[in-house]
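What follows is one structure encoded as structure tokens, with my remarks underneath.
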Ligand SMILES: O=C(O)c1cc(=O)[nH]c(=O)n1[C@@H]1O[C@H](COP(=O)(O)O)[C@@H](O)[C@H]1O
């Protein structure tokens, strides 16, 4: 695992996502299934996309009391996804419970990563709306260290923070980075952004790219541009 482009398939339902994936005749992108698609199409869409040969990041961002998260993770572990996530803000105890729930009887489990501060959050909003007054980098780093202590495999963060996370938590600790835009592209609701090329330079392990690919006139070409900028030597 590592150094791949994950396509955020934020679609309204089964038909939409499958017709999008049908465009990829030569490659099998790593697919992220998020809340919109999962709530619309349920666990069957996970199984169906997996059967088509894609790796899957199931992005449901769990955040609840430890027992609830543990039980929910036990259900998700049966879906055979490659990666899933939760909010680090749920605390170390919640993250430890999540690992317990996610681990199958044979000891295997999907990669588990923790969302730190969402890439749509600015310093100003964090201070005003959630009363966290530390510098955002410090907050991300603290969440990353807590996730590491809990035994998680990495974090979701902005590419802007990936280098510091690796310095603090080690190069094996994964940085999965959304908030990726082509140079000059529409930023939309993202705040902490970088290009695929910059994300590669600072050492992100995976970039998560949604609208720059899904809303592109030619999604396959946009995906290949991401791979060229981020993965290829
Ligand atoms: O966990 C995530 O994947 C995630 C965390 C985060 O901090 N920011 C973030 O944008 N995401 C997800 O990454 C994707 C980014 O999509 P685009 O903004 O369209 O490229 C969306 O599916 C978000 O739900």
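Glycine is no exception: its Cβ is also placed from the backbone N, Cα and C atoms.
Keep in mind that TrEMBL annotations are predicted by a computer and have not been checked by a curator.
Database features, via TrEMBL:
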| type | residues | note |
| --- | --- | --- |
| DOMAIN | 4-226 | domain 'Orotidine 5'-phosphate decarboxylase' |
| BINDING | 10, 32, 59-68, 119, 181, 190, 210-211 | substrate binding site |
| ACT_SITE | 59 | active site, for OMPdecase activity |
| ACT_SITE | 61 | active site, proton donor |
| ACT_SITE | 61 | active site, for OMPdecase activity |
| ACT_SITE | 64 | active site, for OMPdecase activity |
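Location within the structure of each feature annotated in TrEMBL.
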{"residue": "10", "record": "substrate binding site", "contacts (Cβ under 8 Å, 6+ apart)": "34, 36, 37, 210, 211, 214"}
{"residue": "59", "record": "active site, for OMPdecase activity", "contacts (Cβ under 8 Å, 6+ apart)": "8, 32, 33, 34, 35, 84, 85"}
{"residue": "60", "record": "substrate binding site", "contacts (Cβ under 8 Å, 6+ apart)": "34, 35, 38, 76, 84, 85"}
{"residue": "61", "record": "active site, proton donor", "contacts (Cβ under 8 Å, 6+ apart)": "35, 85, 86, 87, 115"}
{"residue": "63", "record": "substrate binding site", "contacts (Cβ under 8 Å, 6+ apart)": "69, 86, 87, 89, 90, 94"}
{"residue": "64", "record": "active site, for OMPdecase activity", "contacts (Cβ under 8 Å, 6+ apart)": "72, 90, 94"}
{"residue": "66", "record": "substrate binding site", "contacts (Cβ under 8 Å, 6+ apart)": "90, 93, 94, 96, 97, 98"}
{"residue": "119", "record": "substrate binding site", "contacts (Cβ under 8 Å, 6+ apart)": "157, 158, 177, 178, 179, 190, 191, 192, 193"}
Residue 210 (substrate binding site) CB neighbourhood, other CB atoms within 10 A: 18
Per-residue pLDDT averaged over the domain 'Orotidine 5'-phosphate decarboxylase' (4-226), given as an integer: 97
Recorded positions whose CB lies under 6 angstroms from ligand 1, from 59, 60, 63, 66: 59
Residue 66 (substrate binding site): secondary structure state under DSSP, collapsed to three categories: helix
